[in-house]
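Taken verbatim from TrEMBL:
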- A:1-29: region 'Disordered' (REGION)
- A:33-58: transmembrane segment (TRANSMEM)
- A:93-113: transmembrane segment (TRANSMEM)
- A:125-145: transmembrane segment (TRANSMEM)
- A:151-171: transmembrane segment (TRANSMEM)
- A:183-205: transmembrane segment (TRANSMEM)
- A:225-246: transmembrane segment (TRANSMEM)
- A:272-299: transmembrane segment (TRANSMEM)
- A:342-360: transmembrane segment (TRANSMEM)
Amino acid sequence: MTATVAPSKDAEPSAAEGPATPKSPSGRARRSIPYLLTVGMLAGLVVICLLSAGIGAYKIPLGDVIGSVQHRIGLGGAALDRVGESVLWNVRFPRVVLALIVGASLGCAGALMQGVFGNPLAEPAVIGISSGAAVGGVASIAFGLTFLGTWTLPVCAFVGGLVTVFLVYAMSRSGGRTEVVTLILTGVAVTAFGMAMIGLFIFFADNAEVTQITFWQLGSLAQATWPKVLAVLPWALVGLAIAPFYSRKLDLLALGERPARHLGVDVERMRVVLMFTTALLTAAAVAVSGIISFVGLVVPHLLRMLAGPGHRFLIPGSALGGALVLAVCDLTARTIAAPAELPLGVLTGLIGSPFFFWLLRRTRRKQGGWA
Amino acid sequence: MIRSLFSVRHRELPEPVEPGTVLTSAHELHVKLGARHVLRGVDIEARASEVVALVGPNGAGKSTLLAALATDLAPDSGTVRICGRDAGTWSAGELALRRAVLPQSAQLSFPFLVEEVVRMGRAPWSGTPLADNDDEVIAAALRATEATEFTGRPFSALSGGERARVALARVLAQQAPLLLLDEPTAALDLRHQELVLRVCRERAAAGDAVVVVLHDLGLAAAYADRVAVLHEGTIAADGPPAEVFDGELLSRVYRQPVEVLPHPRTGTLLVFPERG
């Protein structure tokens with residue numbers, strides 16, 4: 001290693017290196033990557049939104065999509081015929097917007113969870129939060145709850161997610177740390193319990209409800225409508241708005257709980273707020289699309305590899321990246337086997353699981369076993 | 001940003017202190033960890049411009065005492081004061097401006113670069129006028145610990161000793177008048193052990209109070225103004241090394257015959273276990 005400097009009587013040699021330049025080349029490169037990534041992801045989002053809007057059983061040329069959007073926001077362009085206009089604005093666009101909301105929520109929730117647990121394997125679906133939210137959602141369908149109108153399902157999902165997030169947290173920590181094994185096993189246990197609960201609800205539900213539950217559980221955006229968008233948008237927005245305020249504190253939390261507190265972070269309060277936020281975001285996603293796994297795992301991880309672990313970029317970046325990934329996945333899911341439609345959760349699971357395997361093996365190698 | 005507007009208003013910035021002001025003190029401190037009574041009535045204080053070494057055998061309560069002074073542990077009874085006020089009355093942000101803590105082992109959950117890690121030490125100052133000096137303070141802290149050459153490397157790629165120095169650089173960058181260091185020399189080679197203790201002396205000369213847990217009694221004798229010897233949760237002796245380092249006392253506390261000799265040239269005390 002290069003730890004020892006040239007032999008000398010005192011600390012002179014380090015001073016002789018001249019004024020230190022903390023901005024090393026790799027440090028500077030890291031700083032410009034976030035901008036490039038942000039621009040790239042935004043451009044990707046615009047392209048994929050326009051493509052998603054045009055592609056499908058009823059094809060709408062790209063020029064017509066742009067024209068119709070221009071027409072609606074009063075910038076020239078022209079409206080399409082009645083069918084085209086209806087397909088575009090009542091079927092395609094709600095679906096695209098819903099994909100963006102769900103993706104952004106999952107990506108952001110993943111980044112937050114990993115920061116709070118100090119563990120790159122934490123993800124709402126992996127550690128069981130999603131299944132907790134799903135239990136809430138399924139319960140609201142099975143019992144035919146409607147006390148809050150279209151908000152009923154999101155509220156129930158939120159309560160389910162919130163209970164689970166605190167449960168997992170309380171069970172998987174010991175001595176101020178969360179070990180990977182404990183976390184994953186807790187997730188397994190919680191998910192098993194959640195699935196059993198869902199099974200129980202399905203057992204007692206009537207046929208119509210069973211169909212509804214099963215369809216919802218597979219994770220699909222096929223039933224997207226504007227009221228549905230409005231039912232989850234506020235949840236997602238609140239969550240996405242709170243998250244960036246904690247980016248610097250999450251950086252400090254990487255040092256450990258005590259050091260973070262020594263640097264002025266009110267760790268307990270931050271943790272409660274962020275668990276709440278994660279539950280909000282997960283509930284928003286689960287409420288519309290059932291359990292969609294791995295987006296919250298893969299997206300923050302890739303971004304961390306590309307742009308470094310700083311949460312200032314990671315949190316908004318994961319929201320953007322999640323939205324992009326989910327929009328692409330949804331487009332793929334509904335075109336790859338057209339006219340049939342692949343459930344979205346199935347697709348993300350197919351892509352995400354191998355990545356999760358790889359990540360597990362890598363973490364294991366780095367730690368030299370689970371101990 | 002809204003956050004930086006709020007942060008200044010809520011935090012009281014530390015005043016400059018006169019040498020000799022008591023920066024931290026514990027009175028009649030009792031701490032139980034589980035069933036074990038780790039500290040049994042400890043009284044200790046650290047003043048501005050002095051280096052206080054905490055020494056003692058394993059399990060004597062050194063780290064627990066340091067954790068209590070750092071307000072990581074709530075004492076079962078007794079009081080801890082920091083910068084003239086009861087420790088519990090400061091907010092986390094205000095405490096961060098007053099005391100910096102070096103933990104026994106440095107861990108990091110994500111692969112931050114060394115420079116980013118040291119920059120975390122500046123977090124308490126964000127939103128204050130002193131945040132403008134961040135770059136110089138960080139560079140100076142890295143120079144002081146001879147860690148400048150690692151700045152662009154990920155913290156996780158460093159060796160144990162290098163990590164320890166970077167962790168110390170982060171603590172120095174915090175610029176708190178009270179430094180609590182838990183075994184800063186444990187992972188270090190001979191040269192860097194001396195370097196770290198010299199840094200402690202420099203901080204004391206600049207007016208800070210430094211409380212440092214040490215295992216090497218020779219280092220404590222050479223660099224500390226005062227040494228507190230802990231023994232089974234109480235302070236067995238507290239004073240300048242020349243008074244405290246007494247062969248009979250150390251032999252009793254460490255349960256190992258110990259010889260204390262003055263260095264033939266410098267007169268600094270040397271502590272040796274008696275060997276057959």
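Cβ from N, Cα, C; glycine included.
What TrEMBL says about a protein is an automatic prediction, not a curated fact.
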- line: Long-range CB partners for the transmembrane segment (A:93-113) (under 8 A, at least six residues beyond its ends), listed in sequence order, are 45, 49, 52-53, 122-124, 127, 129, 221-222, 224-226, 228-229, 232-233, 235-236, 239-240, 243, 246, 250, 274, 277-278, 281-282, 284-285, 288-289, 292, 295-297, 299-300, 303, 311, 314-327, 329-330
Outside the transmembrane segment (A:151-171), six or more residues from its ends: residues with CB under 8 Å to it: 117, 124, 127-137, 139-141, 145, 182-183, 186-187, 190, 194, 231-232, 235, 271, 275-276, 278-280, 282-284, 286-287
Stretch with greatest number of CB pairs under 8 Å, the transmembrane segment (A:183-205) reference, A:33-58, A:125-145, A:225-246, A:272-299 candidates: A:125-145
